[in-house]
Amino acid sequence: MKVLLIGSGGREHALAWKLAASPLLEKLYCALGNPGIAAVAELADIGVDDHAALIAFAKEKHIDLVVVGPEAPLVAGLADEMRAEGIRVFGPSRAAAQLEGSKGFTKDLCARFNIPTGAYGRFNNAPKAKAYIRQQGAPIVVKADGLAAGKGVVVAMTLQEALDAVDSCFEGAFGAAGAEVVVEEFLDGEEASFFCICDGKTALPLGSAQDHKRVGDGDTGPNTGGMGAYAPAPVMTPEMVARTMRELIEPTMRGMAEIGAPFSGILFAGLMITSDGPKLIEYNTRFGDPECQVLMMRLNSDLLALVNAAVDGRLDEVSLEWKDEPALTVVMAAEGYPANVKKGSVIRDLEKLESIDGVKLFHAGTALKDGAIVASGGRVLNITATAATVAQAQARAYEALKLIDWPEGFYRSDIGWRAVEREKANR
């Protein structure tokens with residue numbers, strides 16, 4: 001099969017690496033890609049927002065399957081446009097991608113189909129949002145309705161923080177994404193990311209992960225797209241997975257079909273595991289980044305065969321095989337992230353990681369300049385490891401990371417701390 005992968009981050013490098021291992025693959029292309037992806041795929045210089053060029057490329061190369069990595073082209077309707085041209089594509093329609101594209105849409109769906117989530121209000125002006133916040137009190141959560149690259153959420157511990165967050169949304173901090181605001185109940189518990197692959201009818205669990213949103217050690221500083229992750233999430237016991245499928249995922253699949261937008265693609269539930277069980281924080285309609293990297297490290301099954309089954313509506317015939325070992329990934333980011341990122345610094349000695357057992361390096365915001373790898377984005381490298389325990393995977397990843405010569409890079413030194421503490425307690 002000839003496959004076109006769309007995207008250029010660490011998530012897409014992990015997908016490319018896994019797709020490239022499939023015996024079904026004849027040729028892999030990636031638009032835009034990065035220097036890490038270039039090792040397993042032929043890169044095409046087409047941006048993810050240039051739908052016409054992507055469609056033309058898919059036709060010219062006789063692509064059998066398109067796999068869309070990031071959320072923005074899905075919310076913008078790329079999958080619909082490709083399907084209309086007779087191209088097989090893995091990813092939800094524009095209507096189904098509203099689960100990620102509009103927080104308000106998802107909250108209304110939860111209300112209609114009795115899916116457990118925090119109480120909420122939707123507002124298109126600041127005075128009404130502020131009145132609701134004053135009525136509810138803090139802590140409370142303020143979210144921009146639309147896509148804001150994972151940065152449109154403020155968990156306000158004080159009333160003033162919440163009111164300021166409303167102002168920044170309506171003053172245009174998130175552009176069109178902040179034209180509507182969702183204010184919701186603060187949920188207490190432990191967060192987990194839970195993934196399913198879906199074909200419109202069937203949802204098949206792809207496992208859980210826990211990511212680390214804040215930029216600094218000890219979960220301090222501003223939110224980011226994610227500074228590291230590990231899988232599986234210990235809080236997602238078999239019983240909790242069964243409850244999540246029964247109480248959240250299956251009603252969502254039924255609800256989306258009922259409103260005429262059946263969901264196919266990756267459904268990523270951001271969960272809060274509370275004393276009452278799992279509650280939905282938000283849905284995303286693609287793999288998480290960096291959660292995808294740890295899921296791919298643990299997946300033994302053929303990813304291309306799996307995606308094919310999803311596109312053809314055959315997931316009810318599929319069973320998956322996983323490594324028993326946990327996986328952990330640490331993000332190396334460029335100085336200044338998540339604010340003003342310094343780009344262009346040279347990264348050396350990446351080849352030293354190739355010989356380390358159980359370690360895989362995924363490229364994210366990297367580029368090739370004059371024969372050298374340079375930082376071209378905020379999150380730049382993902383050092384990923386598997387081992388018998390999370391503590392061992394953590395040690396392995398950090399040991400590998402220290403071989404990289406990149407003074408302008410930084411990372412959190414405590415990725416996986418919750419799971420490591422749990423392992424110590426359970427010894």
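Cβ from N, Cα, C; glycine included.
As recorded in Swiss-Prot:
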type    : residues       : note
DOMAIN  : 107-312        : domain 'ATP-grasp'
BINDING : 133-193        : ATP binding site
BINDING : Glu282, Asn284 : Mg(2+) binding site
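When the binding-site residues Ile133, Val181, Glu282 are scored by other C-beta atoms within 10 Å, Val181 scores highest. Of all the binding-site residues listed here (Val141, Met157), it is Met157 whose C-beta has the fewest other C-beta atoms within 10 angstroms. The two recorded residues Met157 (ATP binding site) and Glu282 (Mg(2+) binding site) have their Cα atoms spaced 19 Å from each other. Long-range C-beta contacts of Ala165 (ATP binding site), restricted to its own chain and to partners at least six residues apart, with a cutoff below 8 Å, comprise Val142, Val154, Ala156. With the fewest other C-beta atoms within 10 Å around its C-beta, Gly189 stands out among the binding-site residues Gly189, Asn284. Cα-Cα distance from Gly189 (ATP binding site) to Glu282 (Mg(2+) binding site): 15 Å (rounded to the nearest whole number).
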